[in-house]
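What follows is a short report on a single structure.
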Amino acid sequence: MSDVVQDELSKKQTTRLNKLQKRLRREVGSAIADYNMIEEGDRVMCCLSGGKDSYAMLDILINLQQRAPVSFEIVAVNLDQKQPGFPEHVLPAYLETLGVPFHILEKDTYSIVKDKIPEGKTTCSLCSRLRRGTLYGFAQRIGATKIALGHHRDDIIETLFLNMFYGGKMKAMPPKLLSDDGANVVIRPLAYCREKDIAEYAELKQFPIIPCNLCGSQENLKRAAVKDMLKQWDRQHPGRIETIFTAMQNTAPSQGVDREQFDFVSLKQDPNAEFRGDVAEADLPAFDFMDTANSGHINLDDASKRQGTRIDVVSTFTP
């Protein structure tokens, strides 16, 4: 933290900042360890957009670099896509204060997007694809072994629901990804971090935020709707978002319906199998007692103490 920022923050704000930094550092460290994101000798290319997420990612990675059990390099990279009004001086000035190696690339993808996308339509998808292609190529040029992007936990969950609602796929953003050509490994160190923590951290750190709407494009309405839905859930049902993310880490293909993930076709009964594992329904005395009190629950272990009526088998039929 710079002395300027320290001087401008109150004691309460400084305490809060330190607490947030500790939490984000712990979450980023856990994500890196869980997915083996950064290894000994890695050159990590941190893609910096000028938004709160990428600023926070770079800040935390620099902090972790000083105490990490492995040695790795950090190179910050920003792509100036020639959007009108883009403040070219902001990022270089900020990065110089950090003393971290950086590159500012220039490529006029803005004109390409405006030429291809009809007026009034969202340009974000094409813009991001063009940006990704440029960054992938530059990563190979500078010998980067990892490309770090600033997507956080909320981005990952939003993408899951977007693909479910509009794409018919159970697909999100993986914390670690190998590019289609196998030439680049993409990592998302903020995968365990909440957006609201990042936003508060960025505000307290006073990062020089560059707005992402310089192109004039409106936010993707579908993503905005999903974001609002998740925010409402978070307010009304605290802990639900955490549970969703935990569920994404604990999938059970054999309990789903995706034939590509599990071979249901080949499932056969083993005539020699011995009973083991969970008790089958046939072995439970589910109909030995009737709930005459209509309480909705029968305690089979204590059935003798309850008001119950024995159900007898009075007849059988064999075709």
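The backbone N, Cα and C atoms fix where each Cβ goes, glycine too.
Range with Swiss-Prot annotation motif 'PP-loop motif', chosen from 49-54, 235-240, is 49-54. Taken as a whole, the motif 'PP-loop motif' (49-54) shows an average pLDDT of 94 in this prediction. Counting residue by residue with DSSP, the motif 'PP-loop motif' (49-54) contains 3 helix, 0 strand, 3 coil.
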